[in-house]
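**Q** OK, Swiss-Prot features for this one:
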- Gly98, Ala99, Pro100, Gly101, Val102, Gly103, Lys104, Ser105, Asn203, Lys204, Ser205, Asp206: GTP binding site (BINDING)
- 1-15: compositional bias 'Gly residues' (COMPBIAS)
- 57-82: compositional bias 'Low complexity' (COMPBIAS)
- Arg24: omega-N-methylarginine (MOD_RES)
- Ser26: phosphoserine (MOD_RES)
- 1-86: region 'Disordered' (REGION)
- 278-297: region 'Calmodulin-binding' (REGION)
Amino acid sequence: MTLNGGSGASGSRGAGGRERDRRRGSTPWGPAPPLHRRSMPVDERDLQAALAPGSLATTAAGTRTQGQRLDWPEGSSDSLSSGGSGSEEGVYKVLLLGAPGVGKSALARIFGGIEDGPEAEAAGHTYDRSITVDGEEASLLVYDIWEEDGGCWLPGHCMAMGDAYVIVYSITDKGSFEKASELRVQLRRARQTDDVPIILVGNKSDLVRSREVSVDEGRACAVVFDCKFIETSAALHHNVQALFEGVVRQIRLRRDSKEDNARRQAGTRRRESLGKKAKRFLGRIVARNSRKMAFRAKSKSCHDLSVL
């Protein structure tokens, strides 16, 4: 499995190709850095070695031709990261997974601010962007992952490196929906002990007449596999901003939840009283008898990316 795009093409480009690599950015920090096009690393250390020191947050994002900047709608604060602007610890790695042709690359390019066209392929397929969500800035490093012919779907290093996973299918392709379910199973097996955000995305929601996967099917799948759900349209840019902002919120919610749980456990190590034990036991019985109600409640919240 590799990131879309290869490194061999850069050496054969002439002066025109090198000029495209130095396309003028539209941010106040000056020109964007040169493109980084590379294969999927064996592990995360190889990825870090492939980049210049301090440049983990300065990959292909922000590289575009003049007039092709695709901003979030007005009212959302965002900026493209400049060289060395963020530390490695402050970057969230997000992997886009899914069958070929479901629109992963289109979603990634919208996030990176790059418009589809003849120049789009030159921009690489790893995108970095800093966005402000709920008044707090976050840097996302988005990988557009694709399957090589005869390759396995998700190698171990891919499973281990993500801070969040976005599994994309097309609502017009039932097979891609089934493949998305397979990917979710693989992730669950690989990271059973990790509470990693996984978001199921039904793309191409604008193609209503060609729909093969209903909203209810997508939502039910998300509930069964314990992940979030959203439908998007890359063609109309519908819900794309909500998707990536939701990724940030899900990462933060899990981070904050772990910190709260640690504090709670540290402060409640004293022995429980008999009344508390009885209450906890009764709570378990009620929970067993309320599975259907819990399933309904979960199905109502699985599309809300602002809650766990």
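Backbone N, Cα and C define each Cβ position, glycine as well.
Since the structure is predicted, the reported quantities are computational estimates derived from the model, not experimental observations.
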**Q** Mind checking which of Gly98, Pro100 has the fewest other CB atoms within 10 A of its CB? They're the binding-site residues.
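**A** Among the binding-site residues Gly98, Pro100, the lowest count of other Cβ atoms within 10 Å belongs to Pro100.
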**Q** For Asn203 (GTP binding site), what is the secondary structure by DSSP, using just helix, strand and coil?
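**A** The three-state answer is strand.
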**Q** According to DSSP, does Gly98 (GTP binding site) sit in a helix, a strand, or coil?
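**A** Looking at the DSSP assignment, Gly98 (GTP binding site) belongs to a strand.
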**Q** Fewest other Cβ atoms within 10 Å: which of the binding-site residues Asn203, Ser205 wins that one? Let me know.
**A** Ser205
**Q** What residues, ordered by sequence, lie under 8 A Cβ-to-Cβ from Val102 (GTP binding site) and sit at least six positions away in the same chain?
**A** Val168, Tyr169, Ser170, Asp173, Ser176, Asn203, Lys204
